[in-house]
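Peer 1: I'd like to ask some things about the structure below.
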Amino acid sequence: VPAIKPISDDHELVNAHTLRSIPKWSQVKADGKPRYVETLIFIDSEVVICNQSFLIVNSQLLQYVEQINTRIVILDIMEIVGYNITLEQLSHYRAENMNHLPEHDLAVLIRYGYEGGIAYVNGICTQSAVGITGFLPDSPLEYAAIFFHELAHLFGLTHDTDTECFCGNTEEPCLKIDGFNECSVQTLVDRLPMHECIQKPPVNLPNTVLPICGNHYLEPGEECDCGPENRLINTGFMFNSQTDPEIPIWKTPPYIKNQKTLDGEKDSQSSDVSTIFCFFLSDLLEN
């Protein structure tokens, strides 16, 4: 059984600052089977104050996971009260409150102002299925790269993982995840079948589940979901939420339903945070 250990990326992701686009991994060899990661998101108070859920699961992150045929399903987003929460504290809190949380495969803390990330290598589907990533709303590409990097750790990748792959004649790095070696995408895809909890679509979703437009999974409240925006563009569909008032908008209730402290008690205050926007492809096709 591979060792489960935490790896911090405070200084490993320097290349994320220079990202200009999402890498393209079309040459990866996958088995064609989708995987589903039922995810519980914790956020700190500063993320609650100034940001919206579509920035937490942004289109850039969805473009990353779509390329490895994986769907992130957000079961709930909860505020957690604490300062500089560590991975060990988060893991302990999750274990202590497991009976009061939605059943999930992964718990991630989004921490405002933290530019790195930390997660347990090979932690997915275990008691160590936790990670922390910084929140960078003004740098969505960098944020998505860090979040995906931590997912790769949780699926079993280390920074020195070495695998052979072939990309042909290309000037781009060969199937490389930022912060890992070349061929790391192929290694990640090869490891996905090893994790039992992500092999089947979710069943008995909690009523707190968020309809995330673009995650290629149909949550309650959505009419359809064909994947991230770039996938629609590649198939000939275009939309612009900022300039086209005719595009229907689906709204959720305020998404912060629970506020938790590290001792597991509910805070008396509640958060009223604005909505998620989801575009229905079926309505676009009718117009």
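Sequential numbering from 1, following the chain as shown.
Using the three backbone atoms N, Cα and C, a Cβ is placed for every residue, glycine included.
Feature annotation from TrEMBL assigns domain 'Peptidase M12B' to 86-175. Residues or ranges marked as Zn(2+) binding site by TrEMBL: His149, His153, His159. What TrEMBL records for Glu150 is active site.
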Peer 1: By a simple count of other Cβ atoms within 10 Å, which of His153, His159, the binding-site residues in the record, is least packed?
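Peer 2: The binding-site residues His153, His159 were compared, and His159 has the fewest Cβ atoms within 10 Å.
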Peer 1: Can you give me the average pLDDT across the domain 'Peptidase M12B' (86-175), rounded to a whole number?
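Peer 2: A mean pLDDT of 91 is what the model gives the domain 'Peptidase M12B' (86-175).
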Peer 1: Cα of Glu150 (active site) to Cα of His159 (Zn(2+) binding site): how many Å, rounded?
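Peer 2: Between the Cα atoms of Glu150 (active site) and His159 (Zn(2+) binding site), the distance comes to 11 Å.
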Peer 1: What number of additional C-beta atoms lies within 10 angstroms of the C-beta atom of Glu150 (active site)?
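Peer 2: Result for Glu150 (active site): 26 neighbouring Cβ atoms inside 10 Å.
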